[in-house]
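Scroll down for the structure; my scribbles are underneath it.
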């Protein structure tokens, strides 16, 4: 379609000439896009869509293997003092059994998201579960006081698997679920990770009691490792035989347009550069990193904080962590349903961020983690808000950048808070995190809400009804302002 044809067609539909000239210029800027995809983008005829019941199996299977992986993140840290005794290492070394999850993510997320775009969800799921399964069996072989290096390698394998898991909920939700349920589906995907963390808080202190005899301690640790390895193996087999790449027909018009762009026309580097020029998304990257980084630091150091104040209370430390995450799971699911009904991404994100700050202040004063309900609820909110701000870019790429920010801040906050706790006590360490949550809350207020995915679905629906001309949502296009009718979805600024 030429520039003149676009403008001529716009007059029939009553669109604003200036906006359509911009649209036509975008068409000319992307001549590498195949003609059939271009015609689909501007066609009033909607693509066929369908929701498959299998989508629930896919998201719950993902949630299950995410649970298995995230459980292992904290299985050392929550009984920090016990593993210090068994392997003869210091507290900071055991902290690295948690922080290795954060450190591994940072360099590997970019090749992994590239692989996701090239090979798809099934390959990523297979690699993730294979690595996780291998890591669990390596740890089974490491239950001797002189084999700390082996257990660390097993934890590294599991941390590498996490790179293939952590950013997938929003991608699975977009590929398999309808526009009115994507946020709920994303919350279910995140649910597995959060439930795994909750179990990671609760189970290790129960399975591995604080006993002095290392032979008895090795027996208890072996039981925990064998259970984990058995579960990981079953999930790996289920992914091989059950997990499917994508449904035959797309679930939404936005996903249909995304499918119309051939893989060879997609530039991963160009996508990254476009995301880094998206100012609202950059603000979200920073604020997400600050919030989730605080959550990572608290989770990693929980045992140290509790044991410092209440020696011998490993089991209660786990119960406090369990309360934190279970409350967060409930909050995540509520937020997912709320977003699907209201589409108020910015308002909800800002409210949850503000309540995270309040909860952190209460925790700092009372050391009762049950009040940190809202911090753990923030995870799916950030993913879904990012997808809205960055559509039609890959969901895996936007989620990967958010998580990369969280890992960087998580390492910084964990190290700094640990040093502050050792030098000045737990209250000072918690005040340190409160300051950054306050900064994040203020920055969230400045994020411009531009709900591009919602606008794409609404525009496609309106075009099918003959109300307006189709818009260009190609994977290589920068989304500009929508035509005046219908008005775009956006939170009140």
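In case you wondered, yes, glycine gets a Cβ from its N, Cα and C as well.
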(Q) Of the residue ranges 147-170, 387-410, 459-482, which one carries the transmembrane segment annotation in TrEMBL? (A) 147-170
Q. Hey, which bits of the same chain come close to the transmembrane segment (223-243), Cβ under 8 Å, at least six residues off its ends?
A. 57-58, 61-62, 64-65, 68, 71-72, 75, 121-122, 125-126, 129-130, 132-133, 135-137, 139-140, 142-143, 203-204, 207-208
Q.
Considering only Cβ pairs within less than 8 angstroms, which of the stretches 123-141, 147-170, 281-299, 427-447 has the most against the transmembrane segment (56-76)?
A. 147-170
Q) Is the transmembrane segment (281-299) packed against any residues at least 6 beyond its ends, judged by a Cβ distance under 8 Å, and which are they? A) 73-74, 77, 98, 102, 197, 201, 275, 321, 324, 353, 356, 360, 363, 369, 372, 375-376, 378-379, 382, 385-386, 389-390, 398, 401-403, 405-410, 412-414, 417, 433, 436-437, 439-440, 443-444, 446-447
Q. Where else in the chain does the transmembrane segment (427-447) make close Cβ contacts, counting only residues six or more beyond its ends and a cut-off under 8 Å?
A. 280, 283-284, 286-287, 290-291, 293-294, 297-298, 301, 305, 346, 349-350, 353-354, 356-357, 360-361, 363-365, 389, 409, 413, 416-418, 420-421
